[in-house]
């Protein structure tokens, strides 16, 4: 039995036998005595102790956990002794220092002179086998979170190479044409390993200390020591490496590569680092030689540029730490709030469906048909769906709180258990979806016809009752002519799906409720949406109406019915303005206006999907081909300007003293000339509440509360009646329309200059007299002009349309591109350019015409 002593070498605890401890303590006392006169002697001794700790750690294993005397002698033999290289004078000085150390008790053992030999009677110690590999985060050699250092420990390579590979992957899109998503994969992998891997603070060096390692040589370097370190590692001239970096700087990758190496490669700070950089063995003689050389060659700061950047980085470190902390707190709060909100929402939904929340408190979630389908699901499907959504929400909440507290809230076992439960819930949801999808395999249609013999009046009125239902319960309608003398019929085509055709047909016949009413002998009232029968199941039901109207009757339409029918059910594809004033009859299967003025009954096409341009190029007719372009000018769409049509809500705004107007969104805008300023809005309560009207300098700005409505277009579930904004103002200098705006501007009979800017799918009907009218269009804009101007400038691109045959311009400049079209009336001078299958047609017999048509474009007189 031997007595063991615990010692601490560079933060690592070793158990050593008492006789080995005496030898080791005397050996270290000699080392300290010899290197006490060197510059940085404490650092040198620390390097030697660190190397001894590495050798001890390599000789220990699970079977051998105590350092023996033989292990100490092996260390001495490998590291060498001071007596091997010191001079006689140095030996005498070291003896005096060592004697003082022994006398003061700082060195153990008996002093017997510098040439003393060490002996032992212990048995040999076998070399320890390698420890089993374990993946962890190396916190003792970390740069950020220890992930790269831990991977280096696992693969037993230098952490520098792992960091270089990671940085090169992050910068791969800059360095070359690599996989585009590689940086994202690297970042995601780093974060996952940061979260999953355990920490370790006592990991040894990943190398054995004898092989050459890459460091930055800041002693002989000029900027960051990268070139000098590479030269020492590769065993070449440092000038060659610097020349290669300069060449790379001009090629494009040199600077990036230098910065990467500066960040990833550690600095050679100690003598041991400098020896590893050159591949020198870590022996006492080698350390002494390198320490003397370092003292002789160190003559001040040789790299002022590198020192400046390093000092700057140290000075910015508190700021960067603050920014990192702020990002962590912000991310934690956001993740916690999002996770908590989702978790509460999913929990309320589950409680509502399972009946745990009373009926009166059930929230409105989604459309009714979809809710009906969800209510059919069994309890196990709901629980699986809840787990599939709630577990990720809970994970977000826990991660957020963990970021705020800077610690994990659950153990790894609990985390893996939650992940397994989530996978099981995903399987359950998949089974439920597959089970439900069988109910939608087949489809069937059912026809139901209703005859209304009581409608005997010669003039029938068609009205629409607005029913507040979801968008997918909207009813499509079309017209069909019936023989004279026949009664009015309404044909309902109801479709549904099911597990079989018979079940789909049965569902279509029994699950839908649609109401048609009559009033007296002259009015037919139709609902615009259908409803579900009580206890009906959602099977993608749909209703299409066909109105069979006798040819010998005439009809009047409400404004809502005309909008419901759409332009396709009118002759010439256009419904007249103020449709309730006129009577209609069936011409074919479309309504023809009987009393409309000529301008309302002209041959136009309002279909926004039809550009009205047909291009036929026959290259065999001539060298340049025969280009035939046929245009249909629909002009800007008209709209109802009666405030009562849009809703009962009203609001008046107090803005004044503006000369410009900007409208963004999906609104109807009427601008009239008046002596005073007036701004009014008419529509539903919700639309008026969400409208924002404000003055910015000389400009009146009209937009939706969110400010994004113009970009995304109108709300796809909003009312068809939109919202009407009426503006009165003395003079108008600039008009800006963006989005799906429809504008009507009239009454400006003596206006100087007006600039009009249209974007998106905006429509403008403009009537007035101007000195200079400047119109700029981008997108599928349409503009209809009436009146006159001294000069007209049109600049349009992107399938825009200008209909100005009734607008007389003395001089005109027209520039259109991208399947755009313009029809103008010019009397003096016309300058026209057309590109990209665009067309310009002009009348008025201008005296001077300068035109340039490129490709399939055309500029021609309407007399041709």
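For all residues, glycine too, the Cβ spot is worked out from N, Cα and C.
As given in TrEMBL:
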type     : residues : note
COMPBIAS : 111-128  : compositional bias 'Low complexity'
DOMAIN   : 133-199  : domain 'Phage shock protein PspC N-terminal'
DOMAIN   : 212-268  : domain 'Phage shock protein PspC N-terminal'
DOMAIN   : 301-440  : domain 'PspC-related transmembrane region'
DOMAIN   : 472-598  : domain 'PspC-related ToastRack'
DOMAIN   : 657-846  : domain 'Putative auto-transporter adhesin head GIN'
REGION   : 108-130  : region 'Disordered'
TRANSMEM : 164-197  : transmembrane segment
TRANSMEM : 243-265  : transmembrane segment
TRANSMEM : 329-357  : transmembrane segment
TRANSMEM : 380-404  : transmembrane segment
TRANSMEM : 416-434  : transmembrane segment
Where else in the chain does the transmembrane segment (416-434) make close Cβ contacts, counting only residues six or more beyond its ends and a cut-off under 8 Å? 377-378, 380-381, 383-388, 391-392, 394-395, 410
When you scan the chain for residues with a C-beta under 8 Å from the transmembrane segment (329-357), skipping those not six or more beyond its ends, what do you find? 363, 365, 374-375, 379, 382-383, 386, 389-390, 392-404
Per-region confidence, the domain 'Putative auto-transporter adhesin head GIN' (657-846) (mean pLDDT, whole number): 87
Counts by DSSP class (helix H/G/I, strand E/B, coil) across the domain 'PspC-related ToastRack' (472-598): 29 helix, 55 strand, 43 coil
